[in-house]
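**Student:** Let me begin by handing over the structure; questions about it come next.
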Amino acid sequence: MKRYLVLEDGAVFAGKAFGAMTNTLGEVVFSTGMTGYQESITDQSYVNQILVFTNPLIGNYGINFDDNESLEPGIKGVICHHLARRPSNWRNQQSLGDFLTDHQIPGLQGIDTRELVRHLRSAGTLRGMLTDDVSDLPAIVAQLKATNPTKGSIAAVSTKSVYPNPGYQRNIVVVDFGIKQSILRELAKRDCNVVVVPYNTTAKQIENLHPDGILLSNGPGDPMEMISAIKMIAEVEKHYPVFGICMGHQLFALANGAKTYKMKFGHRGFNHPVRDLASGKTYFTSQNHGYAVDAASVKETQLTVSQVEVNDGTVEGLRHKQYPAFSLQFHPDAAPGPHDAASLFDTFIKLVDDQKEAHHHA
Amino acid sequence: MPKRKDIHKIMIFGSGPIIIGQAAEFDYSGTQACLALKEEGYETVLVNSNPATIMTDNQIADHVYIEPLTVDSVSRIIRQEYPDAILPTIGGQIGLNLAVALAKTGLLDELGIQLLGTKLDSIDQAEDRERFKELMQDLNEPVPASQTVATVDDALAYAETIGYPVIVRPAFTMGGTGGGICHDAAEMATIAANGLDLSPANQVLIEKSIAGFKEIEFEVMRDAADNAMVVCCMENFDPVGIHTGDSIVFAPNQTITDREFQMLRDCALRLIRALKIEGGCNVQLALDPNSYQYYVIEVNPRVSRSSALASKATGYPIAKMAAKIAIGLTLDEVLNPVTGKTTAQFEPALDYVVCKIPRWPFDKFTKANRHLGSQMKATGEVMAIGRTAEEALQKAIRSLEIDAKDLILPAAQAADQASLEEKLTHAQDDRLFYLAEAFRRGYTIDQVHALTKINDYFLDLVAHLVELEKTIQTHKQDVPTLQVAKENGFSDQTIAKLWGVTANEVRTFRLANQIHPVYKMVDTCAAEFTSATPYFYSTYDHENESHRSKKPSILVIGSGPIRIGQGVEFDYATVHSVRAIQSQGYEAIVMNSNPETVSTDFSVSDKLYFEALTLEDVLNVCDLEQPVGVIVQFGGQTAINLAAGLAQHGIKILGTTVKDLDAAEDREVFDQVIKQLDLKQPVGLTATTPAAVLAAAEKIGYPVLVRPSYVLGGKAMEIVYSQTELEQYLQTNAHATVDHPILVDAYLEGRECEVDAICDGHQVLLPGIMEHIERAGVHSGDSMAVYPPQSFDADIKAQIVAATEKLCVALKCIGIMNIQFIIHDHQVYVLEVNPRASRTVPFLSKITGIEMAQAATKVILGQSIADQGLTPGLHPEPAMIHVKAPVFSFNKLDDVDAFLGPEMKSTGEVMGSDVTFAKALYKAFAGAKMLLPDNGSVLLTIEDADKQRVLPLAQRFARIGYRLLATSGTAEFLKQHGLHVEVVDKLHETGTNDILDAIKTKVDIVVNTMGHDYQKNSDGFVIRQTAIEHNVPLLTALDTVDALLTSLENRSFTTQAL
């Protein structure tokens, strides 16, 4: 069946449909990762977005149920050059097409994805619609221009109720802005007793959970929408070690008076080199963000830039000058992507343990 | 970190002659490294014995030495140049071993010379089996369990502890001879016993078999500041068990999840960090297809064939970056030359699929053992890029320059079920075609997987293409089907075959329906950043990114994969042609399919199309680029073969016209030209019946040179001196038929020589005459040759020059031409003409200083010889003497007869230069690894016909203190002439192995002229094979022996009684 991608600037890409037979609307973004389509598709940070894979072949190792990053993917569509005919991997449990059908996600293949990426690269991120009917293009374009697909995304994907991810060692409260399960896996590996709370949890509610540390998760959309969370962070950072990842990083910045901005087409992929400014070391990181922290705005705050992207200088990490709090724009939890920065979880754990120790002796 | 200021002059080693396992990739890496160091302002000294390389050009390094890569020779250069440092990791294993050997002599310490890049200790740790195993244990990285044992009982006991299947690898045998895989104790008992017997050390390694695992390779880089990255991950189509150099390889990895990928990536980075590599490194891993279990197979602590492939597959220039790392720069401070914006600390993202297929020499070595295993057998490789894996695979197949241009192989179609399954189970070079045939016959993927262990995903690519074959066949002239076919890489030619029309008709139909390829850029970043890399591949997709420039352009066709007869020499000529085109104000566009070469470095030309070199693919590029014309004279036979088709489509072939190219290649037309010019050529006749052959010989007069027009191995060409001999030849060697006529030529005894001439239509420039050392019967590519000629007087040279001038003008050569002559009775006879650059071009260019490919290109573009400031005629001869020696790869191939004949067998060449012929010869032999002791022993096994000729040679061996060993007949003959000879028994006479034991233990050189013994069990063949297996120098032509003696005599004292 034919299916089209219509962009808000009127560009149309015609290809073949796969996955669910529904029309959807979302922000069109691309990822340059060559593996990990399953993790990306199930990453809640992609909620209300249509994801284009630059790797020309997707679905080649199928889908397995261990590598999901969320139970209910909120992505609005998957676009690839070519869907594999025969997935092959020992853990393969379902084909990508069937998985998308099950989760009501439409797919589009057989378009020149490189052309689309080049288009997005010069036009910047665009709103788009996956549809099988392009008879009234002006109407579609008008609808796209009138919609903000990512607005309210965090509220939609964040957990509605508090739930535990039990362990023994440290009490960590994780604020869910659209959490990737890999973050919980990393905490579990380090034997944390985790309580996951909704995005709008107040500082007081968190205090009542007696945490040893707080982790601010990744999530979709514009950080400026999270007014209550920004307030919460400004309060809790005074008392507890804080670790922000991706959205959590941007909120940490905002809570301390820095500013964020929307990037032209964002960073999505695994090959972004990041330099740790203290050690000078570089590592490759897993990234998925359309907003970033304005470096100039950091100067006026109690924060220091601790990491930058090697090529474009984007702020990739912040550290509080006074409190045991830091944040990362990229995903040290990887999944998908390189594990090079996984030790930054240990950095957080050390902050937590040091603080515990200090309290113990205090 | 800023680059080092304490060093100024850096020495680099090349990898020597092209052999199997060490091909053009090291010319590419060496050239890149030299240029990178120059760019950073260092003075460079390059040593390589291989003249056929770009890296040995004066523009590439500041001081170029074409000298043997031996400790002795390089030490001399070091004491002359006093480099501050050596970069040893660029010239393959040869370069690395040389650096290690030099360090051991203490010379480097004595002169305070540093080794740049990866430290020697790290190299040793990666290469020493035991140390590597220890390191892996320390790092907790799994390696297949293994142990060396000396008895069958120990072998059985160890196998029991690690579990079957296991691999038995005899120690110190060539190409894994005598080893094998054992599935149970019974097999083990037999194979281990055999392996122990064959191993000179009486040791075998018992290793847990991981055959069938996925083979995944990482190209990794690291700098001194510990920044590390993966340039490329590649996945082998063929599972573990076949050498990666002999495997079909895809990039990026195709069948592993992110979790598996990151696990293996972590491992690769742990290894490069643990080994403290500073530069590039190749990590080979094996992954269980059914679990997370993986094993480290090996680590190569240097740039390699795989790194060249990865560079071309991603656009990321590994060798260049490795050189920059070696002088202290870090990855995050060097710019990525592809984007010009990002740093070199960047892991490339691919938005296409790359397929590499090895190119094997079995079209030349038809009797060789074609089974693939742990010993690499391919001489070269091709790479293709597509937007689907199917497209990449099919483009790679048609790049191979073999008979098959797609998955349809008549031999596979004719195979019965048993042989089909045998071909699937025990992989040979042509397994791919048998896979396709199995699917055509209805085998399921599961069935084929059971036979091959190849991953289902890869098998499905082939199955898909076979399905499409059927669809295409049943949908003739159907546009949507054609579109799908093209997206999956089907050529016009294959579609034509399936539609029952001509390729040209498909092309016309295709273009009429607006189905044409677009060209996409290789930019390292999947279009995330703007790049201006002039590096493109074709695909049937939507947006075209390659735009014709306003400058007039010229397309140069490269020479495709390295194979016997078409080596790196042609890449040299291609690159030089590009330089000349640019100097004349044109844009130079290159098309080639070989990832190992300098010509496929995108920085060499104005635009690179990485494409198959078929008519369709070249026409497609011409359609887009509308070049002024195409140059075909430098890409060997590959390019020449395209000329006629291109001309038919209205593409201008620059230089010699297609009609005139044909005149040189068509025997009848050529004979006419020779007659008209009043030149001489050996009388030749063709006969299709035995009687006619005899009559022809009678007419020409004995001796005659007879050969079937169709040669299939063996010694098919022979010189016969009488009718009796000819009758015998006809009975045993060749059967004349209408399809396979026999060629009978007058045999002229004499010296052969060749010239490469540049002609502008009026005037002719001969840079030099190269005299062959071996007489007729040995292919010119396998002959040693000397420049300037040693046995031609002024008159002969004048005759050669006159004949060359006449031929060039008469054949309307515009550009370059190669002519072979024989000098008989002081008369010059023309043997053959090749209307293109030959393999001697780089050799003569370097010696004479005339950049022949550039001069020829300029002529082609309209600048006459005089306009170029060159003087027509024979270039004045230099004072130095230069000798070219061929190099062979026999020890990598089983069952290939090392006897030299009319079919070319060498894979590479070396050059030796010095002030006397003898010294130059010595260096050439040294470069070819023919280093002999002062007092050694020589085994002579000579055919009766050669006995008179061998006597003076034997006497000379005796005079320089060599012991003579010979079989009874030869020994008797030599004893009669007063020589002291030790008799060794022939194999078949006595059934003993004395002669083979002698080769293994006490012989330094074997001279064997028993060319009639080409059966695998014949004495001559077995003797040659044994010499090859034990690395004993072997000579099969007495002229080479003569030359060798000349070089040996020169360095020894003559001992003679008064």
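Glycine too: its Cβ is placed from the backbone N, Cα and C atoms.
From TrEMBL, for reference:
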- B:1-401: region 'Carboxyphosphate synthetic domain' (REGION)
- B:R129, B:R169, B:G175, B:G176, B:K208, B:I210, B:E215, B:G241, B:I242, B:H243, B:Q284, B:E298: ATP 1 binding site (BINDING)
- B:133-327: domain 'ATP-grasp' (DOMAIN)
- B:Q284, B:E298: Mg(2+) 1 binding site (BINDING)
- B:Q284, B:E298: Mn(2+) 1 binding site (BINDING)
- B:E298, B:N300: Mn(2+) 2 binding site (BINDING)
- B:E298, B:N300: Mg(2+) 2 binding site (BINDING)
- B:547-929: region 'Carbamoyl phosphate synthetic domain' (REGION)
- B:671-861: domain 'ATP-grasp' (DOMAIN)
- B:R707, B:A746, B:L748, B:E752, B:G777, B:V778, B:H779, B:S780, B:Q820, B:E832: ATP 2 binding site (BINDING)
- B:Q820, B:E832: Mg(2+) 3 binding site (BINDING)
- B:Q820, B:E832: Mn(2+) 3 binding site (BINDING)
- B:E832, B:N834: Mn(2+) 4 binding site (BINDING)
- B:E832, B:N834: Mg(2+) 4 binding site (BINDING)
- B:930-1058: domain 'MGS-like' (DOMAIN)
- B:930-1058: region 'Allosteric domain' (REGION)
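On this model, are these features tucked inside or out on the surface, and what's nearby?
**Tutor:** B:Q284 (ATP 1 binding site) counts 20 other C-beta atoms within 10 Å of its own C-beta, drawing on all protein chains shown.
Its Cβ taken as reference, B:E298 (Mg(2+) 1 binding site) is surrounded by 14 other Cβ atoms within 10 Å in the chains shown.
DSSP assigns B:E298 (Mg(2+) 1 binding site) to a strand segment in the three-state reduction.
Per-residue pLDDT, averaged over the region 'Carbamoyl phosphate synthetic domain' (B:547-929), rounds to 92.
B:Q820 (ATP 2 binding site) falls within a strand when secondary structure is assigned with DSSP. Under 8 Å, Cβ to Cβ, and six or more positions away along its own chain, B:Q820 (ATP 2 binding site) finds B:E752, B:C753, B:E754, B:S780, B:V830, B:L831, B:E832, B:V833.
Look at B:N834 (Mn(2+) 4 binding site): DSSP puts it in a strand. Residues within less than 8 Å, Cβ to Cβ, of B:N834 (Mn(2+) 4 binding site) and separated from it by at least 6 positions along the same chain comprise B:A664, B:M817, B:N818, B:I819.
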**Student:** Fewest other Cβ atoms within 10 Å: which of the binding-site residues B:E215, B:E832 wins that one? Let me know.
**Tutor:** B:E832
**Student:** Taking each of the binding-site residues B:R129, B:K208, B:R707, B:H779 in turn and counting other Cβ atoms within 10 Å of its Cβ, which one has the fewest?
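**Tutor:** Candidates: the binding-site residues B:R129, B:K208, B:R707, B:H779. Fewest Cβ atoms within 10 Å: B:R129.
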**Student:** Between B:I242 (ATP 1 binding site) and B:G777 (ATP 2 binding site), how far is it from one CA atom to the other, in Å?
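**Tutor:** That comes out at 36 Å between the alpha carbons.
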**Student:** When DSSP states are folded down to helix, strand and coil, where does B:G777 (ATP 2 binding site) land?
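**Tutor:** Once the DSSP labels are grouped into three classes, B:G777 (ATP 2 binding site) ends up as coil.
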**Student:** So which binding-site residues are near B:N300 (Mn(2+) 2 binding site), with CA atoms within 10 Å, out of B:R129, B:Q284, B:R707, B:L748, B:G777, B:H779?
**Tutor:** B:Q284
**Student:** Take the Cβ of B:L748 (ATP 2 binding site) and count every other Cβ within 10 Å, whichever protein chain it belongs to.
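**Tutor:** Within a 10 Å radius of the Cβ of B:L748 (ATP 2 binding site) lie 21 other Cβ atoms.
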**Student:** Please work out the number of neighbouring Cβ atoms within 10 Å of the Cβ of B:G777 (ATP 2 binding site), leaving out its own Cβ.
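**Tutor:** There are 20 such Cβ atoms around B:G777 (ATP 2 binding site).
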**Student:** Among B:R707, B:A746, B:L748, B:E752, B:G777, B:V778, B:H779, B:S780, B:Q820, B:E832, listed as contacts of ATP 2, what is the widest Cα spread in Å, to the nearest whole number?
**Tutor:** 18
**Student:** Name the one residue among B:K208, B:E215, B:R707, B:G777 whose Cα is closest in three-dimensional space to that of B:E298 (Mg(2+) 1 binding site); these are the binding-site residues.
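**Tutor:** Sorting the binding-site residues by distance from B:E298 (Mg(2+) 1 binding site), the top entry is B:E215.
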**Student:** Please report the distance from the Cα of B:Q284 (ATP 1 binding site) to the Cα of B:H779 (ATP 2 binding site), rounded to the nearest angstrom.
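**Tutor:** Counting only the Cα atoms, the answer is 39 Å.
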**Student:** Closest to B:R129 (ATP 1 binding site): which of the binding-site residues B:R707, B:L748, B:G777, B:H779, going by Cα position?
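**Tutor:** If we rank B:R707, B:L748, B:G777, B:H779 by Cα distance to B:R129 (ATP 1 binding site), first place goes to B:H779.
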**Student:** Could you state the whole-number distance in Å separating the C-alpha atoms of B:R707 (ATP 2 binding site) and B:E215 (ATP 1 binding site)?
**Tutor:** 45
